[in-house]
Each structure stands twice: as structure tokens, then as C-alpha cells.
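Trainee: Here it is, the structure in full.
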Amino acid sequence: MSSAHFNRGPAYGLSAEVKNKLAQKYDHQREQELREWIEGVTGRRIGNNFMDGLKDGIILCEFINKLQPGSVKKVNESTQNWHQLENIGNFIKAITKYGVKPHDIFEANDLFENTNHTQVQSTLLALASMAKTKGNKVNVGVKYAEKQERKFEPEKLREGRNIIGLQMGTNKFASQQGMTAYGTRRHLYDPKLGTDQPLDQATISLQMGTNKGASQAGMTAPGTKRQIFEPGLGMEHCDTLNVSLQMGSNKGASQRGMTVYGLPRQVYDPKYCLTPEYPELGEPAHNHHPHNYYNSA
């Protein structure tokens with residue numbers, strides 16, 4: 001079986017865009033540093049193409065065996081694809097036991113099928129950092145910080161409860177001291193002065209407004225009746241002769257005499273019509289002609 005069987009075809013669309021972005025993150029300077037480190041440890045030449053030289057997994061297995069002897073029991077020298085994949089899988093298991101974090105490790109297909117060389121490079125850099133942490137002389141990677149454990153006595157831990165952490169704010173400079181929650185009532189007296197809280201309703205809180213300056217005293221709610229007399233003067237309305245402003249005016253043009261929509265309208269005006277007179281018994285009826293009912297003089 002040839003290795004071409006495992007090669008993927010060209011990527012298109014979104015897959016091609018993702019592949020190009022991953023390729024742009026590949027660092028060729030780091031590749032040269034990793035090449036020198038691996039060749040120096042194993043004593044073997046990788047070749048012109050760095051990833052193709054690591055693709056069979058042989059150099060990788062020998063490399064981890066140099067860092068941690070006995071990590072890979074058997075290294076397959078065969079050119080068969082499954083043997084090469086087995087070497088890569090054994091290398092991944094070995095570096096996991098060595099201490100490399102799982103999220104830093106590449107997958108076998110990332111190297112064997114050339115899908116993500118950037119992740120392969122990141123794994124080798126993480127391996128270099130772990131090797132440097134373990135004391136190996138490596139010029140690549142960053143040494144991981146060691147744990148600095150501290151043990152405190154219970155008395156010290158209890159004392160820490162009296163300290164206000166920075167996350168809780170500060171008790172100096174400008175603060176929200178004296179501020180009340182939104183919607184709560186604020187009084188005009190200060191409890192620090194030792195005065196008792198008033199028991200009547202004479203104290204006006206700041207949230208209720210002020211009793212000086214312009215105010216809404218005397219204002220009524222929309223739709224309520226407004227009287228034209230002032231109750232503060234001791235005047236009381238005892239009759240219905242006082243017309244409120246909301247009822248309109250009794251002077252000028254008005255709607256007096258208007259009827260509700262739909263009611264019948266009379267064609268005569270009672271002011272200009274006489275009261276009809278009916279003939280008495282024995283009186284001639286011609287004197288009471290219908291036209292005599294109107295004042296036509």
C-alpha cells in the first residue's frame with residue numbers, strides 16, 4: 001500500500017481558508033531551532049523538509065527515548081503506513097507520560113496527512129519547555145514555573161478575614177458611604193447626631209421633594225375637577241351656582257340649546273309661538289282658524 005492512499009485532496013472553500021490561516025501561523029525560525037535540537041539529541045539528519053522527515057515517526061520515537069529512556073519499547077522501521085502511524089501514536093503516548101498537556105499535543109493525522117503542521121510545531125515546543133523544566137539543556141521553549149506551595153497556620157488564616165481585599169473596593173478616598181439603595185427613603189436627619197427618628201409625618205424626606213421654592217402644591221391629577229374657590233380662605237361651596245373651569249364658561253358662545261345627536265329637532269321656537277286656544281261649547285269655530293295660532297301681526 002502506497003502512502004498516497006492517505007494523502008488528502010486539495011481543499012476548497014472554507015476548508016481552504018482555514019488551512020491557509022493555520023499555515024500563516026507556522027514559524028520557520030522555530031522550525032530551525034527545533035531541527036537543531038532534535039538532530040543534536042538523536043544524531044540523525046532530518047532532511048530538507050522538516051515535516052516529511054518526521055512523518056514516519058522513527059526520529060520522534062528515538063528522540064523521546066533519549067529524553068526519557070524506555071518510553072517507546074519498539075520502533076517500527078517499516079515503510080508501511082500503519083507502522084508509521086503506530087510510531088506516531090507511540091510518540092504521542094510517550095510525551096503524554098513525560099508531562100506534556102493533552103491540549104498541547106497534535107493528532108496523528110495532523111502530521112501524517114499534512115493537515116496541521118502548526119499544531120505539530122506547537123507540540124514540539126511544549127515538549128522543549130517540559131524538557132527544560134526537567135533540567136535538560138534546551139535552547140528552545142520556555143521553562144515552566146514551578147509550584148511554590150505555602151502553608152499557613154490557622155491563626156494567620158483567621159487574621160486574613162479582617163483585611164478588606166482590593167476586589168471589595170477601598171475604605172479611603174471617595175466612597176459610597178451614606179448612599180442608599182435605589183428606591184429607599186432618605187431622611188433629613190443624621191443618625192450620627194444622636195437625634196431620635198421622628199415619629200410624625202412632619203419630616204419631609206429628600207425623595208419626597210422640598211417644601212420651599214417652586215412646587216406642585218395645588219396641582220391635581222389629570223381628569224380631576226378643579227374648583228374656582230380656595231379652600232385655604234375658609235370658603236365652602238354650598239350650592240351649585242359656582243361653575244368650575246373644567247365645566248366651561250357661562251358667558252360668550254356656548255352650546256346652550258344644542259341637542260344630543262339623534263334627537264328630534266322642533267321646527268318652531270316657543271318664544272315666538274302662541275298657546276293654541278280651543279273653542280268653547282257654543283262658540284263659532286271659524287274664529288279659531290289654525291293660522292290664528294301664530295303671531296303673524
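Any Cβ shown, glycine's included, is placed from N, Cα and C.
The domain 'Calponin-homology (CH)' annotation in Swiss-Prot covers 28-131. Residues annotated as phosphothreonine in Swiss-Prot, with similarity to another entry given as evidence: Thr170, Thr180, Thr184, Thr259. Taken from Swiss-Prot, the feature phosphoserine covers Ser175, and the record attributes it to similarity to another entry. For 164-189, the entry in Swiss-Prot reads repeat 'Calponin-like 1'. Residues or ranges marked as repeat 'Calponin-like 2' in Swiss-Prot: 204-229. Marked as repeat 'Calponin-like 3' by Swiss-Prot: 243-268.
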Trainee: Can you tell me the mean pLDDT for the repeat 'Calponin-like 3' (243-268)?
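Mentor: Summarising the repeat 'Calponin-like 3' (243-268) by its mean pLDDT gives 64.
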Trainee: Have a look at the modified residues (Thr180, Thr184) and report the one with the fewest Cβ neighbours inside 10 Å.
Mentor: Thr184
Trainee: What counts of helix, strand and coil residues does DSSP assign across the domain 'Calponin-homology (CH)' (28-131)?
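Mentor: So the counts come to 71 helix, 0 strand, 33 coil.
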Trainee: Would you mind pulling the DSSP three-state label for Thr180 (phosphothreonine)?
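Mentor: Thr180 (phosphothreonine) sits in coil per DSSP, no helix or strand.
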